Structure formats: C-alpha cells, structure tokens
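The region 'Disordered' feature in TrEMBL is assigned to 1-32. Positions annotated as transmembrane segment by TrEMBL: 64-83, 104-126, 153-174, 274-294, 314-335, 385-408, 414-433, 506-524, 558-579, 599-621, 633-657.
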Amino acid sequence: MGTEVSSRNEITEPLVGSSPTKPKTEESIPPWRDQITPRGIIVSALLGSLFCIITHKLNLTVGVIPSLNVAAGLLGFFLVKSWTGLLEKLGFVTKPFTKQENTVIQTCVVACYGLAFSGGFGSYMLSMDQRTYELIGKDYPGNRAEDVKNPSLGWMIGFMFVVSFLGLFSLVALRKVMVIDYKLTYPSGTATALLINSFHTSSGAELAGKQVRSLGKYLSISFIWSCFKWFFSGVGDSCGFDNFPTLGLAAFKNTFYFDFSPTYIGCGLICPHIVNCSVLLGAIISWGIIWPYISTKAGDWYPDNLESNDFKGLYGYKVFVAISLILGDGLYNLIKIILVTAKEILNARSKQGCISDIIIPQTEESSKLLMEENLRNSTFVKDSIPSWVAAAGYVTLAAISIATIPSIFPQVKWYLVLVSYIIAPALAFCNSYGTGLTDWSLASTYGKIGLFVFASLVGSNGGVIAGLAACGVMMSIVSTAADLMQDFKTGYLTLSSPRSMFVSQLIGTALGCVIAPLTFWLYWTAFDIGSPDGVYKAPYAVIYREMAILGVEGFSALPQHCLEICCVFFVAALVINLLRDMTPKSISAYIPIPMAMAVPFYIGAYFAIDMFVGTAILFVWERLNKKEADEYAGAVASGLICGDGIWTVPSAILSIFRIDPPICMYFKPSVST
C-alpha cells in the first residue's frame with residue numbers, strides 16, 4: 001500500500017487460515033462482462049466512501065496508512081452475501097456470487113480509496129493552501145503569497161480526473177510480461193487472491209462469516225467509544241481523552257501519552273511489529289532526547305520566545321530533520337529497487353536463453369500444477385486489452401492533461417507537463433517492477449523527485465506551486481500503475497479476466513475522482529485542518545511545502561546547525577537501510593525502518609504509544625494462540641479503524657452545525673496551598 005509509511009510486508013499471508021482451493025480445470029469461469037455487476041459497483045461505491053474517510057483521517061492526523069485490502073475483500077464478500085441472502089429470503093432469484101466478482105469489487109474499492117492518498121489531500125495539494133503558507137511564515141525566504149491555491153471542489157475534482165487515469169494506460173500493455181513472463185510476486189496482490197479464493201470454499205466461507213462478526217463487534221465498540229469520547233472533548237484542542245496525561249504531566253508536555261484512539265491501536269495490529277517499534281523508537285529519540293536538548297539552546301542557536309510553530313525556532317528543526325530521514329530512506333530504496341530490477345531483468349533474459357535445453361521430468365503432481373498454470377495463463381491472455389487502445393488512451397489523456405493543467409496551475413507550463421508524461425511510463429515501470437519484488441511502492445519518493453526538479457527548474461517565480469503540482473502528476477501515475485499491476489496479479493490467481501480488472505480499475509478511479517474530494521471537503525468544512533495544535537495537523541502539508549521551498553531557495557533558510565543535524569540523519573537513514581540489507585534476516589528483522597522513525601519527529605509521540613499498544617496486544621495474542629491471532633487480528637484491526645472512521649461523519653455534521661461537546665475534561669497540576 002502506497003503510503004508515507006508503508007510496510008513492505010503488511011500482508012504476507014491470507015487473513016483466513018484455511019488453505020485456498022486451487023483452480024480446477026473444470027471450474028466455470030464467467031465471461032468478463034458478467035464479472036462486473038451493478039450490485040458490485042454499488043458495494044464498491046459504499047466501501048470506497050468509507051475507506052476514503054478513513055484514509056483522509058489518517059492522512060490528516062499522522063500520515064500512516066495501513067493496507068486496507070483485506071478489509072475491502074472481506075467487507076465486499078459480506079455485503080454481497082448479505083444482499084443475495086436477503087433477496088433469496090424474499091423469493092427473488094439472484095446471480096451466484098463468484099470469486100471473480102469479489103475480485104472486481106476489491107479492485108474497484110482499492111482504486112477508489114487509493115486516490116485519497118495519491119491525490120495529495122494530506123500532502124502536496126494541501127501544501128498550497130493559505131494556512132500552510134501562514135504557518136511557515138509570511139517573511140520566510142521563498143514562501144510567497146503568490147504561491148497559494150486554496151482547496152475548492154471544482155479544481156480538485158478536475159485535477160483528479162486529468163491526472164488519475166494516465167497511470168492505468170501507461171503499463172497495461174506490459175501486464176503479461178510482468179505477471180506471466182517475469183512471474184513477479186506482488187505479495188499483497190497474491191495474499192488478497194488467496195484470501196478471496198478461500199472465501200469461496202465451504203470452510204473458507206464459514207471462517208469468513210466468523211471474521212465478519214468479529215469485525216462488526218469491534219466496529220461497534222470503536223464507534224460507541226468514539227462517541228463517548230466526544231462528550232468530554234469540549235471546545236478547542238486541549239480537552240478530553242485525546243489529551244489525557246496517562247504517563248504524567250511532564251511526559252505529556254513532550255507528547256508522551258496514550259490518547260485512547262481505536263484507529264491507531266488498529267494500525268498497530270495491522271502493521272508489522274518492526275514498523276510499530278520503529279515509530280516508537282523515533283518518538284523516543286526525537287521527543288525524548290533531541291528536541292528537549294535543542295530547546296535548551298533557545299537564545300543561542302535560535303531566538304528565544306518564538307511561537308511554537310515558528311520555523312526560525314525548534315519547529316524548523318522538527319520539520320527538516322523529518323524531511324532528511326524521509327529523503328534518505330526514499331533515495332536508498334529507489335537506488336536499491338533500480339539495481340534489483342536491472343539484475344532481475346538480466347537474469348530473466350539469461351534464463352529464457354537456456355530454458356529450451358532443460359527437460360523437466362513430469363510427475364502427476366507437476367502435471368496437475370502445469371495444467372492449473374496453463375488455465376491461469378490462458379484466462380489471463382484470452383480477454384486481452386489491445387496495445388493500440390493503451391497507447392491511444394495514454395496519448396489522448398496526456399493531451400487533455402497538457403491542455404488542462406496549466407489552466408489550473410498557471411505556474412506549470414505546458415511543455416513541463418509534456419516532459420512529465422514522456423518520462424512517467426519509465427518511472428511507472430520501475431515502481432511497478434519494484435513493488436512486484438518487494439511489495440514496497442515508492443510513489444511518494446518519485447513524487448518528491450518531481451517536486452525538487454520542477455521547483456528548481458521554474459525557480460522563485462512560481463517554483464513552489466509548480467513543484468507541488470508536478471509531485472501530484474508523478475505520484476498519481478506511478479501509484480496507479482503499481483496498483484493496477486497488483487490487481488492484475490490478484491486477477492491472475494483468481495481466474496478473473498484482465499479486461500474486467502481494467503474496467504473495474506477505471507470505474508474505481510472515476511468514483512475516487514469524485515468521492516475522495518467530497519469526503520476531504522467534509523473534513524475541510526467541519527474541522528480546523530492544518531492547525532499545529534489541533535487534531536488534524538496535516539503534517540505532510542508543511543513538509544511538502546518546505547521541500548518545494550528548499551528546491552527553490554536551497555539551504556539558506558535553515559536554522560543554525562540544522563543543516564549539520566539533517567546531514568547526520570540523512571546519512572544515518574542510508575546506513576540503517578544498508579545494515580538491514582547486509583545483515584542476516586535473523587538480525588535485520590530487529591533493525592528499525594528510518595521512514596517509520598521519521599513520522600513522530602514532527603507529529604509527536606502520542607500515536608506511537610497507541611500503535612505500540614496495538615503491537616503489544618498482537619504480540620501477546622500470537623504467543624497465546626497464534627492460529628486465532630492470524631485469523632482474526634486483521635478483522636479486529638479493521639473493525640477498530642472502521643468504527644472510529646464512521647464516527648467521523650456524525651462528528652463532522654455536529655461540527656458543521658456548531659454543536660459543541662457539553663463537557664471539557666482537562667488536566668493541570670494541583671496547586672499546593
């Protein structure tokens with residue numbers, strides 16, 4: 001899952017424990033048009049809306065977004081089964097619910113809510129607004145009032161439509177090469193396929209029903225708890241359980257406290273232990289050691305008595321050190337993926353040259369496996385998407401985009417957009433191939449490269465907006481291309497037609513172009529987005545704008561000694577990643593991930609505590625009953641995240657109508673008399 005902090009092994013096995021049924025040659029495969037159904041599109045729209053709300057909440061609070069693919073497959077299965085079951089009880093005849101339709105629904109949902117991330121609503125798009133401009137400072141070098149574009153539904157939906165479809169057409173012609181010829185793993189796509197295959201067996205369906213009940217139970221608990229918390233949250237940002245000094249007032253001042261968030265606990269249950277521990281380690285290093293030390297240098301390294309969000313002070317160190325870790329990690333993994341990709345392509349070519357000389361003896365088992373593989377291959381190739389359709393689609397959409405983007409962002413000249421679309425397919429291929437090998441999408445890294453390059457090319461006269469817009473173009477293309485290949489792998493293993501997968505991606509993307517901006521607008525109108533002291537800090541908005549300014553102005557705007565500290569952490573990110581790759585797996589499994597460590601440097605330590613509570617619960621659960629933990633942890637986590645996400649809707653409605661919570665629960669030191 002493409003995200004600022006995304007684990008390369010978020011899903012390495014199916015949620016259900018039973019073995020998936022392998023495809024049989026006598027299995028009936030519905031035509032591709034029958035795999036896309038009206039009920040499937042309706043379910044996809046409902047789940048896409050829910051997951052967009054959840055993704056926005058995570059994007060605007062901490063920027064950590066776990067994979068929701070399992071929840072999409074599970075809830076899609078549950079809703080359609082409930083739908084058909086109800087109609088059958090009423091005497092209606094319904095079409096059978098096949099695994100191909102289940103796959104199409106899951107693909108459509110992922111395409112829809114994926115745009116809530118790649119659309120930049122918590123990063124590059126929000127970086128352009130007035131609040132972020134004022135937060136950085138009107139007198140800050142390179143931060144110009146002219147480089148402001150506030151969100152509005154019109155231009156956001158238009159921008160989404162002109163950039164989001166190109167990634168789907170950029171690599172569709174290479175689907176056979178990536179999936180069949182190179183046999184790329186795409187771990188998340190494979191795990192999702194195994195999950196869906198298992199649902200459509202008798203034992204798998206029974207376990208799926210239990211998982212759905214578990215998800216519903218914890219969704220209800222999470223929703224009720226979030227509602228209960230609201231009554232004590234008062235007016236402003238200092239009341240309620242979200243500001244509960246569970247570890248003491250001294251720790252609370254340094255953001256070390258447990259804020260009783262079901263969402264972050266659920267993230268801790270889904271994300272691997274090493275990700276959660278890396279986040280906590282980053283919180284301890286930053287808020288426990290570095291920031292308290294730098295704060296003692298007030299009046300020496302930076303002026304004393306500055307506002308808490310003044311970039312000339314401690315706030316500037318927080319943002320730029322986080323940026324250095326993110327860039328160090330992203331650069332290392334980008335170089336690594338390119339080298340691994342080149343090596344694998346060369347190996348594949350050399351193997352193809354020698355394959356004809358090898359004769360493999362056939363056993364009954366190997367013959368059966370070969371028949372199954374031939375069935376998958378023939379199904380995957382049968383409903384092909386002509387290369388001319390892909391090429392014509394890409395050229396047409398690129399032409400529309402080249403004509404449209406300069407009208408949305410006048411700072412971006414048409415020839416810069418053209419250059420982006422010429423090099424984008426190569427970057428999309430690198431990202432898709434790397435995702436197939438490692439399950440790690442580097443979409444945000446490619447976006448940051450576009451940001452720096454275009455910001456520096458355009459210069460001080462509009463370079464900030466141009467860089468941010470270019471980031472959006474690059475990020476959208478490489479992210480959707482990688483997601484499409486993941487879904488092709490899922491479809492390959494579930495015997496779904498590539499044509500139905502491609503059409504479902506188009507439908508999901510079209511839904512996302514409308515639903516993602518609308519659900520973001522719910523947050524924008526109801527809450528104080530971007531406030532550094534509020535719940536919805538939108539941390540990456542400030543980070544991305546600072547990156548664009550850095551691309552224009554260079555390092556002259558950094559506070560004293562900030563460049564030296566940033567260089568140390570940039571090199572540390574490279575060294576840590578190198579150690580993770582050079583050491584044996586038994587050791588590297590305990591080496592932290594720099595990208596995960598970077599998140600709390602800017603945001604705070606509170607969500608790291610919540611995520612660590614989630615990972616501690618999972619750790620104990622696995623020790624007590626590993627089979628049960630493997631089967632139900634994903635459902636419990638999804639329930640916690642979804643319940644809290646659903647509560648956001650009534651909470652936003654109450655806020656829009658200016659209905660405030662009745663109680664403010666606040667803590668302060670007792671006064672001795």
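The backbone N, Cα and C atoms fix where each Cβ goes, glycine too.
Just so you know, TrEMBL annotations are computer predictions that nobody has curated.
The transmembrane segment (385-408) is not in contact with the transmembrane segment (104-126), judged by fewer than 3 CB-CB distances under 8 Å for residue pairs 6 or more apart in sequence. By the Cβ criterion (distance under 8 Å, sequence gap of 6 or more), the transmembrane segment (633-657) is not counted as touching the transmembrane segment (558-579), fewer than 3 such pairs being found.
Taking residue pairs at least 6 apart in sequence, the transmembrane segment (274-294) and the transmembrane segment (314-335) share three or more C-beta contacts under 8 angstroms. Two recorded stretches are said to be in contact when at least 3 C-beta pairs lie under 8 angstroms, sequence spacing 6 or more; the transmembrane segment (153-174) and the transmembrane segment (414-433) meet this definition.
Most Cβ pairs under 8 Å with the transmembrane segment (104-126) belong to 64-83, among the candidate stretches 64-83, 274-294, 414-433, 558-579. Listed as Cβ neighbours of the transmembrane segment (599-621) (distance under 8 Å, sequence separation of 6 or more from its ends, same chain) are residues 4-5, 61-64, 247, 254-261, 264-269, 271, 273, 276-277, 279-280, 282-284, 286-288, 318-319, 321-322, 325, 537, 539, 542-543, 628-629, 633, 637.
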